[in-house]
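The domain 'Transglutaminase-like' feature in TrEMBL is assigned to 269-361. Residues annotated as active site in TrEMBL: Cys277, His335, Asp358. Sequence annotations record features per position, and here TrEMBL assigns Ca(2+) binding site to Asn398, Asp400, Glu446, Glu451.
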Amino acid sequence: FADLVLETWDLQCERNGREHRTAEMGCQQLVVRRGQPFTITLHFSGRSYEEGVDKLAFNVETGPCPIETSGTRSHFAVSDFPEESGWSAVIQQQEEGSLSISLCSPPNARIGRYSLTLETSTAYQGTSCHIGDFVLLFNAWHPEDTVFLREEDERCEYVLSQEGLIYQGARDYITSIPWNFGQFEEDVLSICLNLLDTNPKFLRDQNRDCSRRNDPVYIGRVVSAMVNCNDEDRGVLAGRWDNQYEDGMSPMAWIGSVDILKRWKKFGCQPVKYGQCWVFAAVACTVMRCLGIPSRVVTNYNSAHDTNGNLVIDRYLNETGEEDRRSRDMIWNFHCWVESWMARPDLGSGYDGWQALDPTPQEKSEGVFCCGPAPVKAIKEGDLQLKYDIPFVFAEVNADVVYWVVQSDGTQKKSTHSSVVGKNISTKSVGRDSREDITHTYKYPEGSEKEREVFAKAEHEKRSLREEEEGLHLKIKLSEGASNGSDFDVFAVISNNTDAERVCRLLLCARTASYNGTVGPQCGMKDLLNVTIAPWEENRVPLRILYEQYRESLTQDNIIKVVALLTEYQTGDVIVAIRDVYIQNPEIKIRILGEPMQNRKLVAEVSLVNPLSAPLNNCVFVVEGTGLTNGQQTKELEEPVEPQAVAKFRLDFVPSQSGLHKLMVDFESDKLTGVKGYRNVIIAPQPK
């Protein structure tokens, strides 16, 4: 017999991409999911393959030093009866001179870049030929993959959807911003794989790191550490919270992860400036979805940062309502992290499902700034000893807040204050642009028997939360929404639920604030020394907050923190109430002109009214949308936008993909920043 000579071959990137739901990553390279067969075609010259005479075998290798014992190398023959547990190759069909072969990895294979080599041999001799490279991803569609997710609509949202909403604002005024995850955009997959190869664990022991890449728990931990740069690990983002962002991008300005990941790669893995929690979480979500692990960004309102781990956040206020920073413990207005879906065979049964991963650098875990994966079920049950970092996340959603009012003589009075931490935990709904409240997955209903059991297990006494019906009560209310550029009123509402008249001092104080709890200068204040409340009556005391007063010091987080202190003269008791008022930005209007069809020109008209009493200078619109615009489009306006005038521009774009997409817009200027808007556009497929 003459030698069997391999002439050409076809990795069938397009067909395999469609079947493996990776087609949007482009058809330049083969990208497949583990545990699922993919087909390649071999063409021989001279003579055809003959069963019984020719032996065919494949070699797959990943990582710099592939070895079989680490699962990073596998050698397997073409056979009709493949072994159950390993890689397999089966002939599908044979035509004159060509052979279709179905290859399949085990559902627990290491993910990453692989090289594929074919070995052909007859009785006398053999040759080997490198026939290409491919990328293997996790497979949420395969029942034996540890990231298996049962519902198709959830797989579409958490693995395949390239855009989403991230919740921000304040507990009493929840806002959302659009985000372009873009995990299938050009270059993103290779950047995510580079991120795995830049991580310190890989640099320390490449073989061990690659051999652990079959485990989503390990990958999640690596990604959580690599998205921030706090460990000198060439991480993706530098965090900053002090409102000084001139030497980089303000965290509020980003509208997608792709731009950030591309910058990181372009500048040689130097950290990109700057991120805050939602940016860290969104970039981690992109990387996890790209690698095939179902993931979503979640937002926790009134999130506790408990640095000493005692599950109590002590806040100190002086008599004028100013915070005295003697504790590193903080309450963030909101805090975002990622949840990723995976089994936890390392923990025994009951802890599979959503795992919290927090890439924002806050506390070290095993010596590194990363957090998780912490099973959400373990957080709910108070199982603090399990891996990883459950006490920290448990505190974020459950810590108690105690306010101490420090009087002028230095004595401290403990204030009564109802539970505020861990409210309205939110994520985007599956398949819809609405908010899903997932607080119940993190905690039992407040005051329930189950809640008390969990707190006892976590060695933490939760105060009885039922507000005493009797006594004095204090709340802060808002008459209507507060818009940037306008004055507005807040009210202290004092209720006297007793049979006796009460005489009090009321202090109301407003300060601009950042979302991580730090406060700026005062922008409104009222001190009433003699407030009398009749029995069973309610008093409303207004405080007008003027644009003139908050204009200069409002941060890009658009938050004003209002503190009320009520001191009762008779008993000396102090009641504290706090409310974060979110200052609303103007709306960005987006009109689509033309018939939305694939590969046909469309026009978007984007506009925004300047609500302020001063002109806006250096106005910039940034637009992006996966499958719509080719990357990011930026438009700088040449003229200032006068008060009440309209800033607008027209964008021409040619959608490259059919289906539902989000066109996302960010607006920046000297006085209004981080203004976001989006429009859903349904693109019809190009007629055949």
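Note that Cβ sites are derived from N, Cα and C of the backbone, with glycine treated the same way.
Note that TrEMBL annotation is computational and uncurated.
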Note = For Glu446 (Ca(2+) binding site), the spatially nearest of the active-site residues Cys277, His335, Asp358, using Cα atoms, is His335
Request  = Take the C-alpha atoms of Cys277 (active site) and His335 (active site) and report the distance between them in angstrom, rounded.
outcome  = 6
Task = Find, for the listed recorded positions Asp358, Asp400, Glu446, Glu451, the residue with the lowest Cβ contact count at a 10 Å cut-off, counting only other Cβ atoms.
result = Glu446
Message = Averaging the per-residue pLDDT over the domain 'Transglutaminase-like' (269-361), what integer do you get?
response = 89
Inquiry  = If you compare CA-to-CA distances from His335 (active site) to each of the recorded positions Asp358, Asp400, Glu451, which comes out shortest?
reply    = Asp358
Key: Asp400 (Ca(2+) binding site) and Asp358 (active site), Cα-Cα, nearest whole angstrom   = 21
